[in-house]
Ligand code: DG2
């Protein structure tokens, strides 16, 4: 008996298309992203992977990806749990900035440190920035826990308790769980599942809109390390595109 976990990074967003750091800014999917989400749902059906419960972040690019995918799979009716702990990594003062311009301005080393190091957060975002979430009602309950910037380690620290208390419990109950989230919140979860080192996680990238399936054994160890992308060719191409973002 294995537990079935499906991870799905939202489809291409308006800001993925513009090559802007997004983080907690609540941008929607673009047409490409909606198509990816629909294809994601078809892949679930083709592989007979029908989710029993959905987990999403509080951000509409993940919520709408889930809605479109589940509609394709005729599973729009399943219970939904939304939580800020699945949100994208807060990108601090980089939110709203152009990735190519940031790379040109700060150089590749600093750029990659901010994007992919495990424990170096970008500078914090000021509460009076147009890209701040300090006054967003959906985070009113967070109080001092509301991040102004995060590194991947911070994401893992806020995500793991939720994985343990909620997501794992649904898996233990035998449910097929779909998690729709983000490039970095999913990198944090995959780091935990696969036991990837702080250094090695830098080179792991997650493509948009392609379901990644983990069969987990009774100790929640992946039966196949790295899981299985339902469209491996498309995933390989898209992973490269994410890795090269910002570069000419
Ligand atoms: C991207 C990830 O997050 O960017 O916040 O810009 O998955 O919500 O589109 P997502 C962002 P990188 O860390 O890959 O630059």
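Each Cβ is built from the backbone N, Cα and C atoms, and glycine gets one as well.
As recorded in TrEMBL, the features of this protein are as follows:
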BINDING   9-16, 22-23, 61, 88-91, 99, 115-116, 183-184  substrate binding site
ACT_SITE  10  active site, tele-phosphohistidine intermediate
ACT_SITE  88  active site, proton donor/acceptor
SITE      182  site 'Transition state stabilizer'
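Listed in sequence order, the binding-site residues near residue 10 (active site, tele-phosphohistidine intermediate) (C-alpha within 10 Å of its C-alpha) are 183, out of 23, 99, 183.
Checked against ligand 1, the recorded positions 12, 89, 182 give 182 as the ones with a Cβ under 6 Å from it, listed in sequence order.
Residue 10 (active site, tele-phosphohistidine intermediate) counts 32 other C-beta atoms within 10 Å of its own C-beta, drawing on all protein chains shown. Summary: among the recorded positions (9, 12, 89, 99, 182), the fewest other C-beta atoms within 10 A of the C-beta are counted at 99. For residue 23 (substrate binding site), the same-chain residues lying six or more positions away in sequence with a CB closer than 8 A to its CB are 88, 89, 90, 91, 92, 94, 95, 131. Around residue 88 (active site, proton donor/acceptor), a 10 Å sphere centred on its CB holds 26 further CB atoms from the protein chains shown.
All protein chains included, residue 15 (substrate binding site) registers 20 other Cβ atoms within 10 Å of its own Cβ. In the three-state DSSP reading, residue 182 (site 'Transition state stabilizer') counts as coil.
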